[in-house]
Amino acid sequence: MDDPERAAIRQRRMQEMMKGAGGPGGSFPQNKEQQEAQEEQKREAEERRQMMLARVLTPEARERLSRIALVKPEKARGVEDLILRSAQYGQITEKVSEDRLISLLEQINEQSQKKTTTVTFQRRRSVLDDDD
């Protein structure tokens, strides 16, 4: 793995651990062994995810995706999910290049722009206002 990817993975793990330690837990307090087991499962799942992405993406595409993750983690996670789902269903037959990744990002941007909502203000008219 490249150093920026390792740093990004470590940063995600630290954020997950901080959320788990500082955030509100479930309604039942868990003992230390259960928490450690859950953290280990999360780490293993993240490592499997990164391994699958390494098989599907070219190094340039992985680098671009890691840079996007630094700025917009939600968007990068969504793109990763899309790529992994496509790979699992056999829609991706070759490695995803940087150009293909850029086109996927553009498609996602277009879809998200279409979903934006607009707000219209209707101001109340005063009794004294005259429309004439």
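The backbone N, Cα and C atoms fix where each Cβ goes, glycine too.
Annotation comment: TrEMBL describes 1-48 as region 'Disordered'.
Marked as compositional bias 'Basic and acidic residues' by TrEMBL: 1-16 (among others). Secondary structure counts, DSSP: the compositional bias 'Basic and acidic residues' (1-16) has 14 helix, 0 strand, 2 coil.
Per TrEMBL, the feature compositional bias 'Basic and acidic residues' maps to 33-48 (among others). Distant neighbours of the compositional bias 'Basic and acidic residues' (33-48): 9, 12-13, 16-17, 20; these residues of the same chain sit at least 6 beyond its ends, with a Cβ under 8 Å from one of its Cβ atoms.
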